[in-house]
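Annotated features, as they stand in TrEMBL:
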type	residues	note
TRANSMEM	32-58	transmembrane segment
DOMAIN	50-301	domain 'G-protein coupled receptors family 1 profile'
TRANSMEM	70-95	transmembrane segment
TRANSMEM	101-129	transmembrane segment
TRANSMEM	150-172	transmembrane segment
TRANSMEM	212-234	transmembrane segment
TRANSMEM	246-264	transmembrane segment
TRANSMEM	284-303	transmembrane segment
Amino acid sequence: MLQNQDTMEILSNSTSKFPTFLLTGIPGLESAHVWISIPFCCFYAIALSGNSVILFVIITQQSLHEPMYYFLSMLSATDLGLTVSSLSTTLGILWFEAREISLYSCIVQMFFLHGFTFMESGVLVATAFDCYVAICDPLRYTTILTNSRIIQMGLLMITRAIVLILPLLLLLKPLYFCRMNALSHSYCYHPDVIQLACSDIRANSICGLIDLILTTGIDTPCIVLSYILIIHSVLRIASPEEWHKVFSTCVSHVGAVAFFYIHMLSLSLVYRYGLSAPRVVHSVMANVYLLLPPVLNPIIYSVKTKQIRKAMLSLLLTK
């Protein structure tokens, strides 16, 4: 009887519904966190300033009030959301070794991180559709992509993200967690969090898989299909000038898609099948996944999109 009572006390002391998680910076390089924070700050500065400038330019320049640039502004907005969502915890670890985070703070961060990720995937589908209509059906471009339809597409992306993320996070509340839970990243990542639970996580895993199917599982084939149709249409064009025009129209979007999905797939593969890999690999991949697309997207679009580049130069010259 006493032995059973002692066992219950041990279990009650080792589990909690309101745990404190420990975030991880760069494993093995804790002494160099201050120096590592310098490139991180540079990346965050580029992501924040680059996407903010693109947003500002598209909003203020009347000549850029077209469907293509509306979708680009949505992409910049989601990139800003992703950057801000991880900035506080990442720099908090690198500067102040502030590793502790509560379950509710974790849930809030996951809401924004995963929500903006779902929205960015939707925006990339919308931009693929924009490229398809512009190349394959240019005469009906303005009648298909009207302002009201673009607003509806934007609201659909937001609604889908909220509908998918809320059940994922609500299923975390009934879970019990073992104390001193050390996460693998500098931010809260849903698969990382549920693996630390002491209770049954089958419902959480199934919900996460459903979300993955309803986002990446649907969005990726849609993007691939749009480019198959674009290539099929372009193959009938004999003029090299037309080939160059089509390439210039789509190259920025192809780059954005490649950076987003390749890094998402890489992180997923490392997380699921690279358990024997060093912890530093998981940490670096996780930070690259969140930081690189917001950093590179504004650079790619400002370099490859003539109208954006001209608008940015005119903005700088008027200051």
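Just so it is clear, glycine is given a Cβ too, placed from its N, Cα and C backbone atoms.
The stretch from 32-58, 70-95, 101-129, 150-172, 284-303 with the most CB pairs below 8 A to the transmembrane segment (212-234) is 101-129.
In this chain, the transmembrane segment (32-58) lies close to the transmembrane segment (284-303): three or more C-beta pairs between them fall below 8 angstroms, excluding pairs fewer than 6 positions apart. Outside the transmembrane segment (284-303), and at least 6 residues removed from its termini, the chain residues within Cβ reach (under 8 Å) are 26, 40, 43-44, 46-47, 50-51, 53-54, 72, 75-76, 79-80, 82-83, 86, 90, 113, 120, 184-187, 189, 252, 255-256, 259-260, 263-264, 266-267, 270, 309, 312. For the transmembrane segment (70-95), the residues of the chain that approach it from at least six positions outside its boundaries are 23-25, 33-34, 36-37, 40-41, 44, 47-48, 51-52, 54-55, 58-59, 101, 109, 112-113, 115-117, 119-120, 123-124, 126-127, 130, 150, 154, 157, 186-188, 256, 287, 290-291, 293-294, 297-298, 301, 305, 308, judged by C-beta separation under 8 angstroms.
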